[in-house]
Amino acid sequence: MTSKLASLNQWVDSVAQLTQADAVHWCDGSDAENARLVELMLSTGDLVKLNEQSHPNCYLHRSSPSDVARVEHLTFVCTHNPADAGPNNNWMAPDEAHAEMDALYKGCMRGRTMYVIPYCMGPIDSPLSRCGVEITDSPYVVANMRLMTRMGAPALARIEREGSFVKGLHSIGELDPNRRFIMHFPEELAIQSYGSGYGGNALLGKKCHALRIASYQARQEGWLAEHMLIVGIENPQGETHYVAAAFPSACGKTNLAMLIPPEGYRRDGWKVWTVGDDICWMRPGEDGRLYAINPEAGYFGVAPGTSEKTNANAMAMLNRDAIFTNVGVTADNQPWWEGMTTGEPAKDWQGRPYDKSVSPAAHPNARFTVSAKQCPSYTDQAEAPQGVPISAIVFGGRRASLVPLVLEARDWTHGVLVGASMASETTAAATGAVGVVRRDSMAMKPFAGYNFGDYFAHWLSFDKEGAKLPKIFQVNWFRKDADGKFMWPGFGDNMRVLEWMLKRVTGQANAVETPVGNLPLPSDINTDGLELDAAALEQLLSIDRAGWKAEMASIAEYLDEYGDRTPAALKAERAKIAAQLA
Ligand code: GTP
Ligand code: SPV
Ligand code: MN
C-alpha cells in the first residue's frame with residue numbers, strides 16, 4: 001500500500017531505505033490488524049495473556065527493566081537558535097542531531113517490519129485537531145497508539161486532504177540506555193526517537209507531538225497545548241462547568257479527571273464528566289472564552305494507587321480490552337499492583353516470584369493503556385469538534401509544606417505567575433531521583449517545546465480586549481503533617497475544593513484576600529461527611545508569611561533564569577507580592 005500523498009510516500013520510502021526494514025506495513029487501525037499484532041506479540045513474548053474470565057482481551061507487557069519511564073536527560077529540542085529551546089530544554093544543533101540519529105537508524109530495522117501509523121490528535125472532524133504519522137518497528141507501540149489516538153484509515157484520509165503532518169520516526173533499537181535519544185525538530189515538525197519502547201518516549205503522538213511540537217505550533221498560531229486534564233462538573237441545577245488542571249506527571253490528573261463525588265454530593269445531584277486525563281489543547285472561541293479538546297483517545301495511566309477506593313471509575317474500565325505494562329500478576333494471572341484492595345501478587349513486574357523484600361509487585365511507574373470510551377464517566381462532549389468551554393484553570397503539585405489546599409489568583413497575570421512558579425516533587429514517571437522539589441512551570445518543564453520565557457509571554461498574551469478568560473487556581477492535595485502523613489484525604493474529597501472554586505467562578509462563595517492569593521475560610525469548604533479535624537483544615541488553609549517570603553525570593557531567581565525572555569509584567573507581579581509580604 002501507499003498513500004495518495006507523494007510527500008508521505010517519499011518519506012516512508014526514505015526511512016525504509018535508511019533502516020533497511022524487511023517489510024513495510026501501513027496500519028489501517030482495524031480489529032483484524034490488531035488481532036494479528038496481538039498474536040505476533042504473544043508468540044514473541046512481548047505480551048502475556050491475562051485471565052480471560054476476569055479480564056477479557058487484556059494483556060501484560062513486561063518491558064526491559066532499564067526502560068520503564070521517560071528519560072528527560074536524553075530528550076532534546078533541536079532548534080537552529082539554542083535560545084529558542086531555552087534553558088528549560090536540552091538542546092542540540094539540528095544538523096548534529098540528524099547525524100547522530102541517522103547513524104543509529106542506519107540498518108536498525110533489518111529483520112523487522114516497519115509499521116506506518118497515520119494518526120489524528122483530537123476528534124477526526126475537529127478544526128482543533130492535528131495529524132501525524134509515526135513510523136515504528138514496535139508492534140507494542142502500534143497496539144498502544146491504536147488505543148491512545150484516532151489511528152488508521154480515517155486519519156490517513158485527513159492527512160491526504162490536508163497535505164501536512166508531523167513526521168515521527170521511532171525504533172526500539174537495542175533498548176540500550178546508552179543508545180537512546182528522544183529528539184524534537186519543531187522547525188521541521190519532526191520527531192526522532194531511538195532506543196526506548198516506553199510510553200512518553202515511544203508513543204510519539206503523546207508527549208512528543210501533542211505537547212512539545214504542538215506547544216511550539218500553538219505559540220505561533222495563538223493557542224495553548226498543555227499538560228492538563230479536562231473535567232466537567234455538573235451541579236444539582238444541571239449546569240456543567242469544565243475545568244482544566246495541570247499537575248506534573250504522577251501528581252493526580254487521571255484521578256481528578258475521573259473523580260467520584262462523596263456520597264452527600266451524589267445524593268444532591270452532583271456529577272463528574274471525564275473529557276481528558278493528560279493533555280489539553282485550548283483556543284479562544286468567538287465569544288472570547290477558551291475552548292478545549294482532549295487530543296487523545298485513551299488513557300496511559302499510572303497503575304499503582306488505583307483502587308476501588310481511590311478511583312472506582314478507572315477500575316471499572318480496566319477489566320477488558322486493556323494493556324498493562326510492568327504490573328505484577330496474581331496466581332491466576334490477574335493484574336495486580338500496590339494499593340489494590342483485593343487479590344495478592346504471585347509474580348512481580350519482572351515475572352519473578354513476588355518477594356516484598358526484593359521488589360514491589362508493580363513498578364512504581366507501571367501503566368495501563370485503555371480506550372477513553374471505556375471510562376464510566378466519559379462524556380460525548382469529548383468528541384465535540386468545537387471543544388468544551390473552560391471555566392477554571394487549576395495548577396497543582398506535590399508540596400509537603402507551604403502551599404495551601406487551594407488559593408485563587410486575583411487576575412490572569414497573577415494566575416500566570418502562579419503557574420510559572422509552580423514546584424513539585426519529582427516522581428517515578430521519569431528516570432532519576434524521586435521526591436526532589438523542582439520548579440515545573442504549568443507542569444510543562446519536561447514538555448514545553450520552546451523557551452519558557454517566551455511561553456510565559458504567550459500565556460500573558462491571552463489577556464486581551466474581548467477575552468473572557470477562566471479564573472485561575474492553585475491546589476495542593478499533598479501537604480504532609482509532622483508524621484509524614486498526607487493531611488488532606490484527597491481523591492473524591494477533592495470535590496469539596498472543586499465546589500468552592502466553581503462557586504467563586506459564579507460569584508456564590510466567599511474568599512479572604514492575602515498577598516499570595518484569595519483563600520476560603522474553613523467554613524467556606526463543605527465538610528459534611530468529611531473525616532478531618534478542624535485544626536488540620538485550618539492549617540491547610542493558612543499562609544506562612546515567612547515561608548512565602550523565602551518562596552518569592554526563590555521565584556525571583558527562577559524567573560531570572562530565562563533572562564530577557566521573561567516578561568517584565570511577570571517580574572513586576574512577583575515584586576508586588578514580595579513587597580506586600582515584607
Ligand atoms: P501522568 O499520567 O504521569 O501525567 O500522571 P497523573 O497526573 O495523571 O497522575 P495520577 O492521577 O495517575 O496519580 C498518580 C498517583 O498519585 C497515583 O498513585 C494516585 O493514587 C496518587 N493520587 C492521585 N490523586 C491523589 C490525591 O488526591 N491524594 C493523594 N494522596 N494521592 C493522589
Ligand atoms: C507523564 O509522564 O506525564 C505521562 C506518561 O503521562 S508518558 O506518556 O510516559 O509521558
Ligand atoms: Mn502526563
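Glycine is no exception: its Cβ is also placed from the backbone N, Cα and C atoms.
Together with Ala250, Cys251, Gly252, Lys253, Thr254, Asn255, Arg367, Phe491, Gly492, Asp493, Asn494, TrEMBL lists one candidate of Arg219, Arg289, Arg398, Arg399 for binding GTP, that being Arg398. Among Ser30, Ser126, Ser249, Ser421, the residue that TrEMBL places alongside Arg70, Tyr198, Gly199, Gly200, Asn365, Ala366, Arg367 at the substrate binding site is Ser249. On a Cα basis, Thr254 (GTP binding site) lies 7 Å away from Asp278 (Mn(2+) binding site). Tyr198 (substrate binding site) sits 32 Å from Asp493 (GTP binding site), taking the Cα positions as reference.
Checked against ligand 1, the binding-site residues Arg70, Lys207, Asn365, Asp493 give no residue with a Cβ under 6 Å from it. Considering only the recorded positions Lys207, Ser249, Cys251, Asn365, the residue whose Cα is spatially closest to the Cα of Phe491 (GTP binding site) is Cys251. One way to see the shell of the substrate site is to take the Cβ centroid of Arg70, Tyr198, Gly199, Gly200, Ser249, Asn365, Ala366, Arg367; the remaining same-chain residues with a Cβ within 8 Å of it are Val68, Ala69, Phe300, Val302, Thr325, Ala429. When the binding-site residues Lys207, His227, Asp493 are screened for a Cα within 10 A of the Cα of Ser249 (substrate binding site), the ones that qualify are His227. Listed in sequence order, Val302, Asn365, Thr427, Ala428, Ala429 are the same-chain residues at least 6 apart in sequence whose CB falls under 8 Å from the CB of Ala250 (GTP binding site).
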